[in-house]
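> Straight from TrEMBL, here's the annotation block:
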type	residues	note
ACT_SITE	Lys79	active site, charge relay system
ACT_SITE	Ser160	active site, charge relay system
ACT_SITE	Ser184	active site, acyl-ester intermediate
DOMAIN	38-483	domain 'Amidase'
Amino acid sequence: MRRHLQWSIKQLTSSYADGQLSPRRVAEQALEDAVNLKTLNAFVRLTPEEARQQALESEQRYQKKQPNSGLDGVTIAIKDNFCTKNVHTTCASRMLQDFVPPYDATVCSRLRQAGAVLLGKTNMDQFAMGAGTVDSIYGPAKNIWSEDLTEDNWRIAGGSSGGSASAVAAGLCFAGIGSDTGGSTRNPASYCGVVGLKPTYGLVSRHGLIPLVNSMDVPGIFARSVSDCVEVLNAVAGPDGKDSTTIKQPFTKIQLSEVDGIDLGTVRIGIPKEYHCNGLSAEVLETWTKVADLLECAGASVQQVSLPNTAASIFVYSILNQCEVASNMARYDGIEYGHRAADERSTEQLYAQSRAEGFNNVVKTRILTGNFLLLRKNYDHYFEKALRVRRLIAEDFSKVFEASSKEDRVDILLTPTTLTEAPLYKDFSSLSNRDQCAMQDFCTQPANMAGIPAVSIPIRLSSAGLPLSLQLMSRSLNEQLLLSVARWIEAQVAFDSLDHRLEQKLSL
């Protein structure tokens, strides 16, 4: 294993500054490893020429003692639904298979400005509609923690950002960018044993992120440690004139204290009883209980809280998701951009055939269902009611974070991220997309409904040797406390995200 992969981003950039390592060498080794581990199918497109040029420019800046930021020379992977100038952006779909954007997403342009080395585009479910990264036209992404990477005996990487999670977990890059609409960053982070951050809605610009559900989409961050997540967040967060939904107030960079300096004595932790649900594995429950005890022993106040509308959340999310999908997918008609069918007998026929060929069954089903729910006769009964319940779900979080009584108020919610360890592909693929998402997103999608920040952190290995993770949530714009508590837990459990016999799998 490459020795530098065990380092944090700060340690890596320090080694660049003192000449111990060079960005070009690290980038070259990352590209080599990505090719050697192509069986994971984490990347759908590498950009070696671009990466080498960025690494060269970074090396020259270090030689002049003028790095752009704390991310200068750091290798990062980008999910394939973020626009990248002059590089194919396909959403892992036939519809956008030949789409080459003329501009960068704000997240990508800010990473470039920070001096990061962008290795390429990562695998995902088509148009981010999935929870396993199994519906890509490039084939499914595999989990590096799998006992067996052959046939159908491997573990899923989670979704829809499974490619980025798999790449970070395998040590192919130091960080990855994903998107999170209902848990699409935290879910694969949980299964792949890495940290997955969903920031507050509007903290990071969505400009250039091909939309799934505009009111819930958030760019997410993968890394092997909480401090590395913070480095990336500090580079990409902040107002953006190209995205009207970004928070207008200036972003203050997060500075995490050393672990010894994190005081939990004033922190109040809530344990939502509704998250103890059907399907929760005994090992995840045990992990949840142990970490709650760990926090209590360290001086934090731990209490049970109630989020009564959680049970309805997954249904509301499904309705709103499909309604917004129906609207967003209307732009793909085969005329302006995207796949164009050969059938030109009429404009209507061209539209229909282009969409029939360009979308898979999952996308088509969501479009049809969304349009049905938005019919005049159904609008009030489904869409309007779902919006009302969404407000109730958001109010549940407000009540526990902003209760008038100090005894009832909490600062952080501690929950499972996923209900189980990563399932086998053959078991997961036997379920319908709707059932896959309903099960995998149960604990994660409420945070998107409320727009609050959430982070998934790996805790320990299951009896099968697979990562088990927990989720922390807090009120909007409270990333400082959220990530401080996450860092404290991370230090106590000392999970090694690279402890998966990488050398053995490099030969596959």
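Glycine is no exception: its Cβ is also placed from the backbone N, Cα and C atoms.
Automated prediction, rather than curation, is the source of TrEMBL annotations.
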> Using a 10 Å cut-off, grab the number of neighbouring Cβ atoms around the Cβ of Ser160 (active site, charge relay system), all chains included.
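Other Cβ atoms within 10 Å of Ser160 (active site, charge relay system): 37.
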> Going by a 10 angstroms cut-off between Cβ atoms, which of the active-site residues Lys79, Ser184 has the sparsest surroundings?
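With the active-site residues Lys79, Ser184, fewest surrounding Cβ atoms within 10 Å: Lys79.
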> Limited to the domain 'Amidase' (38-483), I'd like the whole-number average of pLDDT.
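That stretch averages a pLDDT of 96.
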> Between the Cα atoms of Ser184 (active site, acyl-ester intermediate) and Lys79 (active site, charge relay system), find the distance and write it as a whole number of Å.
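Answer for this pair: 11 Å between alpha carbons.
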> State the Cα to Cα distance, in Å, between Lys79 (active site, charge relay system) and Ser160 (active site, charge relay system), rounded to an integer.
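So the Cα of Ser160 (active site, charge relay system) lies 9 Å away from that of Lys79 (active site, charge relay system).
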